[in-house]
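A short write-up of the structure that comes next.
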Amino acid sequence: MSEAFDALKAREQAAVMSTYGRYPLAVSAAKGCRLYDLDGREYIDLLGGIAVCNLGHCREEIAEVIAAKARELVHVSNLFYQREQVELAEALKATCHAGKVFFCNSGAEANEGAIKLARRYMRTVKERDAYEIITLTHSFHGRTLATLTATGQDKIKFGFDPLPEGFITVPSGDIEAMRAAIGPHTAAVLVECIQGEGGVNPLSKEYVTTLAALCKEKDILFMCDEVQCGMCRSGRFWAFQHYGVEPDVFTCSKALANGLPMGAVLATDAVAAGFAPGAHATTFGGGALVSAAATKTLAIMRDDCLAERAARMGDFAMALFEDVKAQCPGKIETIRGMGLMLGIVLTFPGSDVWKKLLDRGFVLNLTQGNVLRLLPPLVIEQEDLKLFASALADILGEV
Ligand SMILES: Cc1ncc(COP(=O)(O)O)c(C=O)c1O
């Protein structure tokens, strides 16, 4: 590592709380699908800020919108009507079946909002004492107390008890376990159609369609967490659209404003009636600057057909990685995912492979110990994927 990196690392350790297992890299600039470190070394970015910079880093049209809004209107609060927020809500509605949107600032806050909406809808509209939220093993829904309780992975709960009541986790893919868990107090089921952090696990079509029907039968809400798999990443605008289902509530964040912090809860008109003035709020949610950036992000996604591009490039990447698997027998267990949300599952712990890839200039994530997770900007070119596949094949040949 360079002197500049070591100095920054030491300053950080002295000043910033230690909550992240950081990569040995400090990014000083980014453009498109490239990152640059403190010494100007270039990296191919296959992580996109963890599924955030779907249009590529520092996209010119977004930079222009941000710069212009920064001089016109940044923030006034939700005490006021804001044209930019309304335009964004309309643009989001045009992508799906939802009738109303609530804006917030992150994925966890969006899921927190969805959980609150489900409970309040049951209490005020359905007049039922229904508050339980059922989630799946290997899920990830965030780090607030409610969303980490909802998350189906114990490792993130350690040290934070007592945890809020009213959450049940059932084995993913097991519809009978779900049926058994639903009771008189159940308000909603919350799932990621493609689990991200949990190892890139797409739920099966049969499971999701049966689950949505089960929720209808039991008169509880079917809710999807689209924080990671949404916004064109999976090859459709929303991942649930692959499954032919329409969740009563769904959440998004990450790529919504292509790098500015933003989240949203979307719901059908009927369910959105669970909220009333004063029921839920957040100071920054849907501010003019982020909303304008997000509206531009959505327009580019639509005009550039980014969902279709993600599907095409995902197929291309999948074929390349299948070749690598064939070239390196015994090293890759499987490759899974949809669109440009891909997991290369190694047959052994992957930290060495991950580090060698980083040393060769490829930034990606290792999740669950052995899954190389790729969430590149959706504008990535075939050439970059080929370079990565070739480096991966070399490295797997060595280990
Ligand atoms: C599916 C999913 N839900 C929720 C979250 C939490 O989002 P945030 O980190 O913005 O709170 C994440 C973050 O990775 C996620 O992948």
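Think of each number as a place in line: the chain as shown, counted from 1.
From the backbone N, Cα and C atoms, a Cβ is placed for every residue, glycine too.
Pulled from TrEMBL, these are the features on record:
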BINDING   Gly107, Ala108, Phe140, Asp225, Glu226, Val227, Gln228, Thr283  pyridoxal 5'-phosphate binding site
BINDING   Arg143, Thr282  N(2)-acetyl-L-ornithine binding site
MOD_RES   Lys254  N6-(pyridoxal phosphate)lysine
Sparsest-packed of the listed binding-site residues (Gln228, Thr282, Thr283) - C-beta count within 10 angstroms
Thr283
For Asp225 (pyridoxal 5'-phosphate binding site): DSSP state (helix, strand, coil):
strand
Rank the recorded positions Arg143, Lys254 by how many other Cβ atoms lie within 10 Å of each Cβ and give me the one with the fewest.
Arg143
Filter the binding-site residues Gly107, Ala108, Asp225, Glu226, Val227 down to those whose C-alpha lies within 10 angstroms of the C-alpha of Arg143 (N(2)-acetyl-L-ornithine binding site); answer none if the list is empty.
Gly107, Ala108
Return the members of Phe140, Asp225, Val227, Thr282, Thr283 (the binding-site residues) with CB less than 6 angstroms from at least one atom of ligand 1, or none.
Phe140, Asp225, Val227
Taking just the CA atoms, what is the gap between Lys254 (N6-(pyridoxal phosphate)lysine) and Val227 (pyridoxal 5'-phosphate binding site) in Å?
6
Those residues of the chain, 6+ apart, with a Cβ under 8 Å from that of Asp225 (pyridoxal 5'-phosphate binding site):
Gly107, Asn111, Ala114, Ser139, His141, Leu190, Val191, Glu192, Phe250, Thr251
Which of these binding-site residues has the least crowded Cβ, counting other Cβ atoms within 10 Å: Ala108, Val227?
Ala108
Just checking, which of Gly107, Phe140, Glu226 (binding-site residues) has the fewest C-beta atoms within 10 Å of its C-beta?
Phe140
For Thr282 (N(2)-acetyl-L-ornithine binding site) and Phe140 (pyridoxal 5'-phosphate binding site), determine the Cα separation and express it in whole Å.
22
Quick one: what's DSSP say for Phe140 (pyridoxal 5'-phosphate binding site), helix, strand or coil?
coil
